[in-house]
């Protein structure tokens with residue numbers, strides 16, 4: 001009897017070989033991140049602004065320091081001037097010049113103001129009545145002044161307007177030798193701005209100068225320094 005052979009078809013499903021279906025386009029390759037580098041010009045703008053700001057601050061500080069220094073220096077000058085004042089009373093005039101830093105110009109009481117100076121004339125009844133030229137200069141110096149110095153006709157006319165015609169007054173002009181005239185203030189002697197009487201100066205032995213009135217009017221005359229005369233003192237106005 002012939003044996004029967006049964007054949008069976010066996011299919012083994014290999015999942016590893018199973019097909020995979022993708023939908024859509026293939027995935028694009030991943031891009032590398034890019035670094036955003038700042039341009040040099042973008043950094044220059046804030047740096048320049050910072051430098052300008054620092055410069056403005058420096059200038060402001062410098063200006064403030066200069067103003068403070070000027071004010072402080074002015075304060076020290078005023079303090080020194082007030083400390084050096086030997087006069088108890090002052091007559092002051094308010095300055096009207098807009099550019100004038102100090103607002104008051106002062107002269108001691110009983111002194112006459114003219115221009116930028118104050119003038120004091122000795123009287124017969126005053127403490128400093130009549131004295132030699134050197135004594136007169138010392139008297140003026142003790143009051144913070146010196147003997148009169150004249151550099152213009154306007155000043156000469158002002159002085160003669162407050163003097164007594166019957167008196168003579170020493171001024172701060174003297175002969176240092178060989179007709180070398182000098183002012184006590186050390187300002188230059190200008191021969192073209194002098195007011196000598198006619199024929200004066202007349203003697204090498206007369207080395208000091210007075211201002212007096214003759215028939216021809218007011219003028220200068222040289223006399224011996226030891227003679228006793230009245231005098232005129234002069235000082236700069238006190239600025240407050």
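In case you wondered, yes, glycine gets a Cβ from its N, Cα and C as well.
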N-linked glycosylation site according to Swiss-Prot, picked from 17, 190: 190
DSSP-derived structure type at residue 118 (disulfide bond), helix or strand or else coil: strand
Residue 233 (disulfide bond) and residue 208 (disulfide bond), distance between Cα atoms, whole Å: 15
Nearest of the recorded positions (118, 140, 190) to residue 225 (disulfide bond), judged by Cα-Cα distance: 140
